[in-house]
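One structure below.
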């Protein structure tokens, strides 16, 4: 019987999911993306060579692994085709192994224009989106007016829907945001070109997944962003527009929760966040700068510098409950090498002095102060360690304390960017 494993982020994204998915796909028949879009940036380093993926599942670098994009993913055809071509230039036969649900909503030029116009209009109160049209595309989907990939293959139907959508969105762009209108004919011609290239990649992904399940194949589900960016469970409104938590798998791929065997939560050994929104343990001192520099904390998608802070056990406990996490993978442990002391946030203190748990929205974080537990750091290098015994005693104590505070086992420890720089204590497919 096959095993079905989920890999998802438990913080605000950028936890190192891509490397771990790539590592574990050695055992998988297929890797599935089920939410998000090309706002994701998954960085893989194999034998020193760096590859950044945005839409295509991280299993693409493993020979023979099928890569599936489920109906919950919003697809920008131009971005997808650029990514395919870039990988093909490296000799990877992407089109042989990539298949996409025709039910995926499309991201088109007017979504990007709306996204960027809104952020510009918000000024200092901007959400901090990637400006790639993700939110507006999900809005069209929920409003039941969006175009889907399957519409591309019916020109007359597509043109009629596109005309209605442009009438609606151009009115907002021109009259409210004072931005130029999107041209109908140019958009239609571009989309028809995309149709010819995308048609061979279409597949009923839900049916394919259940066929694999019945055949006893191992399947991996690859999450994008992080649990605290979930549209329902994140620090609203500073969130993404999809369900980044485990519940998104059922809706975004048609694969029910009863069939999931193991959910691996990825967490950094410290905390980072890109863009706006609450971040109780954020550091503005030399330690924050140290983490940013040592951790190369710049977004793979936007290039924006990430905000850095101490490990937050409070938000991780919340993510573990929401996702029913089976085990954790602790990444970037090596970034903490050289720190004399390390703090772990164990609670938040409000203005009355009471220690509380994680709030449910962004405004409720105002006035909260992190309560820290201090632990000794270590001077020895953990970079590239492959067994627990190779780690300094203080690093092992830090790992054990994190497990105790969050109530979940750490099954994998990442000690460097390469897929081989990993300690596996319990294998999700084992």
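Using the three backbone atoms N, Cα and C, a Cβ is placed for every residue, glycine included.
In the three-state DSSP reading, residue 306 (substrate binding site) counts as coil. Residue environment of residue 306 (substrate binding site) contains 20 other Cβ atoms, counted within 10 Å of its Cβ in all protein chains. What Swiss-Prot records for 13-19, 41-43, 306, 332-334, 414-416 is GTP binding site.
Marked as active site, proton acceptor by Swiss-Prot on the basis of sequence analysis: 14. Neighbour density for residue 14 (active site, proton acceptor): within 10 A of its CB lie 28 other CB atoms from the protein chains shown. Secondary structure at residue 14 (active site, proton acceptor), as computed by DSSP, is coil.
The Cβ of residue 16 (GTP binding site) has 266, 268, 329, 331, 332, 414 as same-chain neighbours under 8 Å, each 6 or more residues away in sequence. Sequence annotations record features per position, and here Swiss-Prot assigns IMP binding site to 14, 15, 16, 17, 39, 40, 41, 42, 130, 144, 225, 240, 304.
According to Swiss-Prot, the active site, proton donor annotation covers 42, on the basis of sequence analysis.
The substrate binding site annotation in Swiss-Prot covers 300, 301, 302, 303, 304, 305, 306, and the record cites sequence analysis as its basis.
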Residue 225 (IMP binding site) sits from residue 13 (GTP binding site) (Cα to Cα, rounded, in Å) at a distance of 4
Recorded IMP site residues 14, 15, 16, 17, 39, 40, 41, 42, 130, 144, 225, 240, 304, farthest C-alpha pair in Å:
34
Please identify which of 305, 333 has the densest Cβ environment, defined as other Cβ atoms within 10 Å, among these binding-site residues.
333
Counting other C-beta atoms within 10 angstroms, the emptiest spot among the recorded positions 19, 42, 304 is 304
Which one, from the binding-site residues 13, 41, 303, has the smallest tally of other C-beta atoms lying within 10 Å of its C-beta?
303
Could you work out which of the binding-site residues (43, 415) has its C-beta surrounded by the smallest number of other C-beta atoms within 10 A?
43
